[in-house]
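Trainee: Encoded as structure tokens, here's the structure I'll be asking about.
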């Protein structure tokens with residue numbers, strides 16, 4: 001019987017525990033999105049620039065440094081996450097990295113001015129916080145994917161981007177709230193935005209204490225009984241259910257194949273082992289293209305972008321940025337709940353790239369033919385049209401290239417190399433995230449409307465073409481990825497699954513025998529006690545007589 005058929009009798013709430021895990025593990029991803037938007041608004045504040053010596057001819061360079069050093073830290077955090085999670089597991093590694101992130105957030109919040117706890121605190125805090133965020137971005141999707149059933153894995157793993165979008169939304173509205181409700185000459189203009197990071201970071205750390213470890217990581221460590229119990233917990237089923245036995249047999253089969261194929265695992269074998277290098281190549285390309293889609297340029301410097309297209313003044317630009325954040329959250333949520341499992345990965349990525357490129361070509365054309373009048377206090381009709389196209393671009397991004405790169409890389413790697421694969425993908429993402437955050441202001445100042453033409457060409461010429469050639473992973477189990485990428489044949493896998501099922505049946509028989517013996521022993525003791533009491537009662541009766 002197919003696993004998908006067995007899932008029907010569990011009801012609507014069968015994946016409740018996995019959704020709860022995703023919500024907790026992805027709280028750290030809120031920080032990912034929050035930092036994407038918050039820094040651009042903070043460094044654009046005149047009082048912050050004055051207090052930390054950013055004013056003058058070096059403002060663009062220093063502002064981009066403040067934004068981008070977090071990505072530099074995140075690159076190393078993503079790389080370091082792989083060896084740590086091998087020994088600590090997914091759960092305790094995430095707890096450790098969330099504490100490191102909170103330390104970085106505290107350093108940013110307590111910064112004073114350029115003379116006392118100055119820009120060095122901002123830099124140090126963003127590097128330390130970045131190390132935590134980078135590791136979390138690599139481990140959280142690994143943890144969640146390993147606990148998900150295949151029929152909803154895309155939806156649940158895709159919640160990653162929903163939380164990113166929520167973080168971006170939160171950052172824009174915090175910036176807007178600070179702009180209209182705090183004194184323009186108060187340290188609150190940076191302390192409140194940086195301090196808010198501690199809320200999701202702290203909640204994640206506490207929430208993870210109540211989550212269970214990944215069953216696939218436990219199985220790889222040889223803790224099979226605990227792995228079986230945790231798998232049954234995440235499926236809200238009994239360890240005796242056929243579905244659980246079948247999934248566990250498939251997990252054990254892949255572990256058996258890996259142990260037979262190679263005894264040790266390092267970066268070299270992880271990259272170059274049979275069927276592995278295409279997955280690492282895909283992860284590198286998909287994450288690189290995502291960063292050059294134009295989304296991060298808008299995300300990091302939304303206030304500056306909206307000012308450039310005609311939304312003059314800090315408050316109108318921040319308000320337009322806030323609306324952009326709302327559009328992103330709503331569009332991402334709709335796609336993850338409805339589209340990702342209906343349309344699959346490949347065609348969603350392809351359609352998203354075509355849509356983004358088309359809309360950015362339109363924005364660029366309007367900007368060049370109808371330049372915004374920056375002297376006007378209100379946006380012109382052409383500026384409003386460009387803003388509308390940018391909002392629609394956000395919808396197209398959210399319907400594919402926003403959430404799906406993370407879903408796809410979490411799909412394709414085998415259990416043995418998943419932590420390496422996600423660390424590689426996350427490090428790639430943060431490396432080019434750093435590049436984009438460093439060059440975006442310069443590109444905007446030098447290219448103006450042509451910046452949209454540049455990103456549109458990448459969208460269609462690079463991302464759409466790449467998407468077309470990707471293999472589909474919808475409704476395929478994590479263990480089936482080895483077959484898709486040629487690491488093992490279907491026949492060999494079926495033999496190993498059969499062998500694992502026989503071993504599991506023998507193990508379950510032993511467990512049942514132990515349970516029966518324990519029950520029989522308890523019943524036997526009860527019978528002996530009852531017999532002894534009866535004999536005592538007879539003796540007492542005879543003595544009375």
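Just so it is clear, glycine is given a Cβ too, placed from its N, Cα and C backbone atoms.
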Trainee: Of the residue ranges 123-144, 233-254, which one carries the transmembrane segment annotation in TrEMBL?
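Mentor: It is 123-144 that TrEMBL describes as transmembrane segment.
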Trainee: In TrEMBL, one of 257-279, 280-302 is tagged transmembrane segment. Which stretch would that be?
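Mentor: Of the candidate stretches, TrEMBL labels 280-302 as transmembrane segment.
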Trainee: Would you please say which range out of 421-439, 478-496 has the annotation transmembrane segment in TrEMBL?
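Mentor: It is 421-439 that TrEMBL annotates as transmembrane segment.
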Trainee: What is the average pLDDT across the domain 'Major facilitator superfamily (MFS) profile' (21-474)?
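Mentor: The predicted confidence over the domain 'Major facilitator superfamily (MFS) profile' (21-474), as a mean pLDDT, is 85.
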Trainee: Give residue numbers and ranges for long-range contacts of the transmembrane segment (94-111): same chain, 6 or more residues beyond its ends, CB-CB under 8 A.
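Mentor: Sequence-distant neighbours of the transmembrane segment (94-111): 25, 28, 31, 52, 73, 77, 81, 84, 88, 117-119, 121-122, 124-133, 135-136, 139-140, 143, 190-191, 194-195, 197-198, 201-202, 204-205, 208-209.
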Trainee: Honestly, do the transmembrane segment (280-302) and the transmembrane segment (123-144) touch, with at least three Cβ pairs under 8 Å and pairs 6 or more apart in sequence?
Mentor: no
